[in-house]
Structures are given as structure tokens and as C-alpha cells.
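Sequence annotations record features per position, and here TrEMBL assigns NADP(+) binding site to ILE18, GLY19, CYS20, GLY21, VAL22, MET23. According to TrEMBL, the feature NADPH binding site maps to ASN80. What TrEMBL records for 15-122 is domain 'Pyrroline-5-carboxylate reductase catalytic N-terminal'. The feature domain 'Pyrroline-5-carboxylate reductase dimerisation' is assigned by TrEMBL to 200-300. For 12-32, the entry in TrEMBL reads transmembrane segment.
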Amino acid sequence: MATDRSSTPRTGLTLAIIGCGVMGTAILQGVLDACPKERTTGEKPRFSKVIACVNSEASVERLKKAFMHEERLEILQKGNVKGANAADVVMLGCKPYMVQDILGEDGILAALEEKLLISFVVGTPQAKILNCLRKGTSNHPNDKALKKNPKIVRGMMNLAAQYGESLTIIEDLPLPGDFLDIVNWIFSQLGKTTLVAPNLYDVGGVIAGASSAFLSVAIDGMLDGAVCEGIKRSEGRKMLTQTLRSLAALLENGETPDTVREKVSSPKGTTIAGTMSLEEDGVRASYSKAIVKAANRSRDI
């Protein structure tokens, strides 16, 4: 691990989240829920304040309604620079096409100088984020004198983050002090985390984030077949949900996809007949191609 862990983890920090859609809100919920739990164990909370930076009035109202009793939360509309200035750690979670506008704001580079910037924007590598910040300095002379960039790291979670069951892929980069511990702590509130080398981040992000969408296509197809054979879709969905849990348990306990197929495929049986149909239709190759194409698209963003 290329990170200095010698320093004592800091507590009582302020976190700013720029962009609170589904994923940003899940992070917000996870961090706010975790801090009271730390107090009950006698630990000082990692974050004593969280700032949510959003663009629209509708987002402000949504967050106010969802976190109406949360005293540690401050919600800012069109206050990205103010939020970043007040924060020790900043998270960026906008759409990729919005990155330049946000990081091009007057004063944003000064607000981010030497701070930990965690991006959960799809794709958008560190070099592109830095380029967006540098483009902003050409329009804002006050930022030109700054010499030190923020420390940038990327993380990609999935929709299950809102239930604490995500897998988050974290880019393994050299970070000073307790920065990596902070990154891992935040994403651990959403589920499990895995470090990957920067050159594997895009494909790792696809496996962690997009693969659930790919699998949903297979599930829909199986449900259609079940309905065709007389099972109600709602009942079939319950059956498949438990079957997916069963498969996950097998894989977590050391089984591999090929051994699972071998153990449930009897000579001239139902499983091998269905498996042969999938192979004839090229399903395996289609899923392989989907992963490769999605990873390539992530690199292009």
C-alpha cells in the first residue's frame, strides 16, 4: 500500500459533498448515520459536520425533508465554493459534463488547495479533473498564484449504497497522512470496499457499478420465461431474489461459476439443456463484450 498510515486518524472533520443525487444522498445518509454510532462506542466522530452542495431548490427541499432532524447537516444551494472552503474533505458527485463548470468556478481551486478531493463522478480521471481546475485559473486571476493541487482519489459505488450493501471500488494512489483511511471510512459506510490499481479502475467500476444493470437484463429474461410457463411475475421475482442470494453464498464460500454449473448439471437434465441454449445464443460472449465496451466508454468520459 503506497500510503503513509503513521499519523493518527483525525476526528471532528467537516465533509462537503458537491452533488447530492442518489449516490451523493446515500453517502450523506451513511456518514450521518455512522457518527452517532461512533459516539456510543466512546469514539470521537470522524465527521462533526456535513455540507451538502446542490444546484436546485427542489434538491434543497428534498434534502430538508429527508434530514429534517439532522443538526449536523448544512444545505447550500449554488454554494460549492463556500462549502469547499469550510470543509476538510470534499466529495464531487456530479454528471461528467458538469465537472468543468463546477471546477471552473471562481475561488474553487483556492478552496480545494491541498485538501482531499474524492470524486465519484463516472470515469473522469485525475488528469481531467486537474485540467478542469487549471482551465478555471485562466479565467480567475486570484487562483493563479496557487501552487498546490488537491489530493484527488476516485471511488465508484453502486445503487445498493442506499441500503448499505454497495461494493465501492477505490483507486489505489499514494496519499498523505490519513487520507486513504478517510476515503475507506466514508465508503465503508455504504458496504464493502476494494482497492484497485489506477489502470484497472474503469473496469473495476463497471464490475462494481454497471454489472447489476447487466444482470438485471438476464433476470428480466428469466422472469419472462417464468411468466410464459405460468408463474406470476411477482412470485418469480421473489424466487429469483433468493436464488441470487444463494448463488452469492456459494461464490463467497469458494465455489466458482464453472463448479456451480457442474454440480447442478445432471446428464440429460434440465440445467444442462438450459445452459446449452444460453451457449448457443452467445450469452456468455455478449456479457463479456458488455464489460469491455462499458470499460472503454468509462475511459472515454
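Cβ atoms are placed via backbone N, Cα and C, with glycine included.
Automatic, uncurated: that is what TrEMBL annotation is.
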Task: Cα-Cα distance linking ASN80 (NADPH binding site) and MET23 (NADP(+) binding site), given in Å to the nearest integer - done: 17
TODO: Report, in whole Å, the straight Cα-to-Cα distance of CYS20 (NADP(+) binding site) from the residue listed as 'NADPH binding site'.
DONE: 12
- [ ] Just jot down the residues in the same chain as GLY21 (NADP(+) binding site), at least 6 apart in sequence, with C-beta under 8 A of its C-beta; none if empty.
- [x] GLY93
- [ ] Based on DSSP, name the secondary structure state of ILE18 (NADP(+) binding site): helix, strand or coil.
- [x] strand
TODO: Would you count the other C-beta atoms found within 10 angstroms of the C-beta of MET23 (NADP(+) binding site) for me?
DONE: 25
Open item on the list: Cβ neighbours within 10 Å, counted over all protein chains: which one of the binding-site residues ILE18, CYS20, VAL22 has the most?
Closed with: ILE18
Task: Spatial neighbours of GLY19 (NADP(+) binding site) that are distant in sequence (at least 6 apart) but have CB under 8 A - done: CYS53, VAL54, LEU92, GLY93, CYS94, MET98, ILE102
Task: Beyond the site residues ILE18, GLY19, CYS20, GLY21, VAL22, MET23: chain residues whose C-beta lies within 8 Å of the centroid, for NADP(+) - done: ILE17, GLY24, THR25, ILE27, GLY93, CYS94
Open item on the list: Per DSSP, what is the helix/strand/coil residue tally across the domain 'Pyrroline-5-carboxylate reductase dimerisation' (200-300)?
Closed with: 86 helix, 0 strand, 15 coil
TODO: Ten-angstrom check, please: count other Cβ atoms within 10 Å of the Cβ of the residue listed as 'NADPH binding site', all chains counted.
DONE: 25
